[in-house]
Amino acid sequence: MIISRVQPCEQMFHSADTQTLYLLEFVALKLTNFLFMSIYLSILTEHGYDSQDTDESGYQSKEQRTSAPPKLTVFLQPSKTQLYSSVIYRGETVTVRCEIQGGEGAQWTYEWSRGQSNIRSASTEYTISRVTESDAGEYSCRGRRGSSWTKWSDVITLTVLPPPKPTVTLQPSWTQIYSGETVTVRCEIQGGEGAQWTYEWSPAKLNTPPTSNEYTIISATESDSGVYSCRGRRSFSWTEWSNIITLNVKPPPKPTVTLQPSWTQIYRGETVTVRCEIHGGEGVQWTYEWRRNEWRQGWVKLHETSSEYTISRATWSDRGGYSCRGRRGSSWTDWSDIITMTILSPPKPTVTLQPSWTQINIGETVTVRCVIQGGERARWTYEWRGGQKNIHETSSEYRISRLTESDGGEYSCRATRSSSWTEWSVSTTLRVTVHIKPTVTLQPPWPQIYSGETVTVRCEIQGGEGAQWTYEWRPVKLNTPPTSNEYRIITVTKSDSGGYSCRGKRSFSWTKWSDTLTVLSKPKAELRADRTAVPVGGSVTLTCSVNPSSSSSSSSGWKYYWYRYDRYYKLLTLRDAVFLSNGQISVSEGGYYRCRGGRGEHVYYTEDSESVRIDTTVSNRPVVTLYPNWSEIYRGETITVRCEIHGGDTEWDYEWETNSIRKPPNQNEYRIRSASSSNSGNYRCKGRMKSSQHNTTEWSDSVTLTVSDNKPRPVLTVSPSWLSPGASVTLNCEVEHQSAGWSFYWYKAVPDLKTYNYKSSSYELLPDGNGTAQDSYIIHGQTHTAGYVCRAGRGDPEYHTDHSQPKFVWSADVHSAASLTVSPDRVQHFTSDSVSLTCEGNFTEWRVRKFSEDGRLYSDCRRMTGSTCNINTSKSDTGVYWCESGSGEFISAVNITVQNDGNGPILVSPVHPVTEGASVSLSCSLKTQKILSNVFFYHNDKLIQNDTRGELKISAVSKSDEGFYKCQSSGRESAQSWMSVKGEQDQNI
């Protein structure tokens, strides 16, 4: 079966040669078939087959085949259904043809099938004039001749698709084409490959020839610009028109040359990039050509084909005019306009000051500026050096808002743009001066001006010449006009007397005020004494002067007059004083003194000086004492500071001098009832006779009073700390400054049974322990573990220290009524050992207590099971342990020591006291080795055994064997442990 499109008439006829060839092939085929059929029928007849014996399908039944020889039957098998093209576009005409090879010349009737439906057609062809999607499907056929049918042919699939939409493309694919370039407009139909298409173009000028899918424009012009679209046809069916594509044809662009950075003046050593930019040609692969117009040589081609030409370190040879052009395909742009690059030597900056004064005052504002002539438009980064500081400024100006002396010095700068630095500028000196202090002068320069005279007050600023100063005067009445440095008084009156001073301002900065020049109508004398009291057998020197100074006064012709008060002020003569010089005398008598000056033929007197009091020192000597006389007083104590003057029955008024915060009253005693650190200091005193106030003692020697704000706490020691039953215990209470009148109080420490802490409220005073003068206390017949506390007191009212920390006397004796057992039974243990402490006795409630190495008391065992405390040992478990009943009874203390060195040995020694006469064995053990040899044993740090024996055996223990023991093995020592020895009588108690 063959499907074929209906072809146009002109395509259905072939040439005469082609028809002759087809005819010969047909005749040969017929002859071959006839010969084959004759041979086939002859064979059938020979074997007894007859075509009459077959059924309609040409086959014999089983009975016929077995009962009689079959007859020969000829049947034809159609080859297959054929389709010339299995893809047809909607609207086209298609023919489905059924061909039976070898059945030519016979009269065949055909039956067609599409899918599940049959199509009756007697023709060998089935034609569909305008195909739609409903015509798609699987087609097959069979033929009948006479009453016999062929088999159904194999199916062939017909696919019907919508006509494809063409696409117009440009080659090359640039949307912008320049005049003179070649471009091809191409019509592409996706999925239509292999078909004979006829194309139609818009605009119509492209439709020559009509069968071409390409239109090539050899040398494009602007008239070729426009929109292009196409469509295709095969058979009688047209596709849709394609989407339009726009072709823009313009004259080639003219490149532009730019510099990066965009400076036309480049300094030698800088890096610059010359860039060729083609506007509108972005996205295109351009090839570039560069040239440089060199002086005297004309244009020189540069070996660069990219859009950028980089000069890493510019030299003189790089100067000149630069131009470029671009090429894509075979088309060149015009040459760009020339950009000229000038290469210069880097400029040298200049440093200037603003304002440009050579001297700038402290506090003024100045701007140091770096100026680069000819480089104004460039973006410079600046580096500064100068002054006495590190300058981190990178701009062209360095502004100092308030000058200090450290800002003075030499300033220079340099600058960089890109990668090249200028030279350093020549240094400019900034001189910073301390505020200029003006001077006020009088003209004429007389120190004394009289009424009616003319005087000019002038403000002079040394070193400020050339600056525009504005002046300010005191008194304010001189400030008219404000810019004048002179004030002229035509006729002086008394109201013009007073002090004159001035200051100047330039910019925003003022000078200091000048010293005051005082114009006095009448000066006043000044009297000074070299001491305030005449020492025993000595004298006091008095000096009189008229301001501004005695030296200038003497040169001004002053003569001095001296006076002493005795009911009135009397003029002193040579009998009353020793006249040392003009303006200085020596006196040996106490009293009130004055002086004044006079000058001129008709003597002009100054005002009298102020009176000066001179005392006479008597021989009595004051002494400061403290009561009580302790070297250190504690906060809250009572102390009396007393001034004592011995000799005669004279009545005195007292004066005190101290550097403490609190000042004593002018009395002979200063009682401090509750001292504090504010009373600490040096105290001295003197006395003045009530009957003659000019007679006074010298100052006493200073006495230092030290008051501590820290309340003292005594330190209690017990000896021995481990004892045998019935032994005496000595308590010692030590206070800082032990000899300072302390009394001592002795207590037994009883724990609070609710919290198991020791509180002062639960301390019990020991017998005869209330205020002993001795700092020790002996307890006789001590039999069990106990804690003790002390404190001290002194003074009236009595001042008490804090209580000492509790100290314990440990008894390791095992009572018959109660005891503490340790397992394993030794004093020393390794870390991570399991140790149990068990309280045994007649009490129902037990606690295991601990007193640690650092002196802290622990109220409970961490893991208490019944009356047993279980410990997994660590270094912090070292301490003294004892059993304590619910009623507070102490029982049987033991020492536990944990060896923190994992490689160190321990001493294996008994926990409880050893009875006199009994034997005991001490050994040395490692965690990894229980029995050691070559062990050193020490008793109270004295080597007592050094041999191969691994243990120390004492066959009959005596009291002298009591003490501290330790062992040493392989250079490592154990801790030391106390071994107690008790007498046989103790054993029987």
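Heads up, the Cβ atoms here are built off N, Cα and C, so glycines get one too.
TrEMBL: automatically predicted annotations, no manual curation.
The domain 'Ig-like' feature in TrEMBL is assigned to 70-157 (among others).
Sequence annotations record features per position, and here TrEMBL assigns domain 'Ig-like' to 166-246 (among others). Broken down with DSSP, the domain 'Ig-like' (166-246) shows 6 helix, 36 strand, 39 coil.
Annotation source TrEMBL lists domain 'Ig-like' at 255-340 (among others). Summarised by DSSP class, the composition of the domain 'Ig-like' (255-340) is 3 helix, 44 strand, 39 coil.
The feature domain 'Ig-like' is assigned by TrEMBL to 349-429 (among others). Residue counts for the domain 'Ig-like' (349-429) under DSSP, helix first, then strand, then coil, are 3 helix, 37 strand, 41 coil.
Summarising the annotation, TrEMBL assigns domain 'Ig-like' to 438-518 (among others). Confidence over the domain 'Ig-like' (438-518), given as mean pLDDT on the 0 to 100 scale, stands at 73.
What TrEMBL records for 523-619 (among others) is domain 'Ig-like'.
The annotation domain 'Ig-like' is assigned in TrEMBL to 622-706 (among others).
According to TrEMBL, the domain 'Ig-like' annotation covers 712-792 (among others).
Sequence annotations record features per position, and here TrEMBL assigns domain 'Ig-like' to 905-980 (among others).
Sequence annotations record features per position, and here TrEMBL assigns transmembrane segment to 21-43.
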Highest-contact recorded stretch vs the domain 'Ig-like' (166-246), from 255-340, 523-619, 622-706, 712-792, CB pairs under 8 Å: 255-340
Result, the domain 'Ig-like' (905-980) in contact with the domain 'Ig-like' (349-429) (3+ CB pairs under 8 Å): no
